[in-house]
Amino acid sequence: MLRWTRAWTAPYRGIGLSNSSFSRLPIAPSSSQGGTEPRPVRLSYKLLDGEAASPALVFLHGLFGSKTNFNFVAKTLAQQTGRRVLTVDARNHGESSHSPDMSYEAMSKDLQDLLPHLGLVPCVLIGHSMGGRTAMLLALQRPELVERLIAVDISQVETTSSSNFPNYIAAMRAVDMANEASLSGARKLADERLRSVIQSASIRQLLLTNLVEVDGRFVWRLNLDALAQHLDKILDFPARQETYSGPTLFLRGGNSQFLLPSHYPEIRRLFPRAQMQTVPNAGHWVHSDRPQDFMAAVQSFLA
């Protein structure tokens, strides 16, 4: 029988639990500047137990997302493969801790602490967008932790497709929900305010999943200040010279411009065993747009 387990990790003394009060999430000092090692923060995760001895599947969401983005595919793949499946909230997202450091080095360090702690290494890392780049960096830095890698609709190559992200953050910051009496009312108001900037209803719905009630107030659980301050880091992959020689799949949406066939030569420079596969009729959120095709591609790569 499949069973969800949910837990927190607190690798450093002094980072205490915050229950569900997102406004009081602990702030970890930034320490990835000047070459010092980033300090990991407590991450929220869900682990779906499995009986197979095969490497666990670890899902990393994209910018503005959360671990819940993968609930359906995680449960389905756990049932189909018998593997353990982990979904994780990145720092400054979902129910994970907030920190002023939003670098890929910091997000990789978070996982370098969490995954061995849970006994899930080596694992199959499956990352979408920002999560894909985090997975790529972790594989380059600590290849012994990654049995194989799947990057979903992202590569290390910079694209112009993310140029609207600053507008998303500005629009979310501008929403005033002080007079709203219910979460449904706050979401309706926020949707109306965001519509003038974000025409895509699916993107607005993704952003609205981050609207929560804290102490009678409606707030964004995302750390928008950290995202805004370090968006340039999120949109740019760190310069690396290492290579990851494990099996690697770059899975792109056929209707997306984030990952293109022209990126393949640069991808192969860092990931010499990389394959590229296209999911037709899928946009950037491949796992949401075409979940069955997405899971079929994952299963084929695992075979």
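Heads up, residue numbers simply count up from 1 along the chain you see.
A Cβ is built for glycine as well, from the same backbone N, Cα and C atoms used for every other residue.
Listed in Swiss-Prot for this protein:
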- SER129: active site, charge relay system (ACT_SITE)
- ASP225: active site, charge relay system (ACT_SITE)
- HIS284: active site, charge relay system (ACT_SITE)
- 55-290: domain 'AB hydrolase-1' (DOMAIN)
- LYS75: N6-succinyllysine (MOD_RES)
- 1-22: transit peptide (TRANSIT)
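Structure with Swiss-Prot features highlighted.
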residue	record	Cβ within 10 Å
LYS75	N6-succinyllysine	16
SER129	active site, charge relay system	26
ASP225	active site, charge relay system	14
HIS284	active site, charge relay system	23
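Checked against ASP225 (active site, charge relay system) by C-alpha proximity, the recorded positions LYS75, SER129, HIS284 yield SER129 as the nearest.
A straight line from the CA of SER129 (active site, charge relay system) to the CA of HIS284 (active site, charge relay system) spans 8 Å.
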